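Look at TrEMBL and you will find 12-29, 35-54, 66-89, 109-126, 138-156, 176-195 tagged as transmembrane segment.
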């Protein structure tokens, strides 16, 4: 890991590992073994980001955005709200039927998280392939790749369902909504990047 004093890498690392440790202790104490799977995934991602710092040159704001995504995810499964967890919290009744509810905390985190993923992928693409900067490719590819990572996330959730008897993972409609909000976040991110580029 490259520690440049002009960057916030040590602070981000300490903050991220700190909340991972605290939530791991909490999950184990309440028997939430589903989220232990996600903790392992989080640690793998932390190692991946840390190992690529020198080559990737992530801006400090991007590292903080990634860390806050992880915190929002851990809080979603660990913070109790009204007899359930934060992930089930209904924020705004944009759509409310017997079958689905929009907007929930879960959906907001999905949109935010894969918006951040799209920004990271765009950063990596234009850093390693500078000729792509300012092209449609530099916007379309990160958006599609972020959606693909969203699908991988759903596979991880499915694995949790198979491994742990009682999980907070929803059914088909929940999975479809997750994918839709992943796509929404990714598209918003690249739209903002494109708008800022054209100004």
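Note that Cβ sites are derived from N, Cα and C of the backbone, with glycine treated the same way.
Residues 12, 15-16, 19-20, 23, 26-27, 32, 34-35, 38-39, 42, 45-46, 49, 58, 104-106, 109, 112-113, 116, 120, 168 of the same chain lie 6+ residues outside the transmembrane segment (66-89) yet bring a C-beta within less than 8 angstroms of a C-beta in it. Beyond the transmembrane segment (138-156), the same-chain residues lying 6 or more positions past its ends with a Cβ under 8 Å from any Cβ of the stretch are 37-38, 41, 110, 114-115, 117-119, 121-122, 125-126, 132, 175, 178-179, 182-183, 185-187, 189-190, 193-194.
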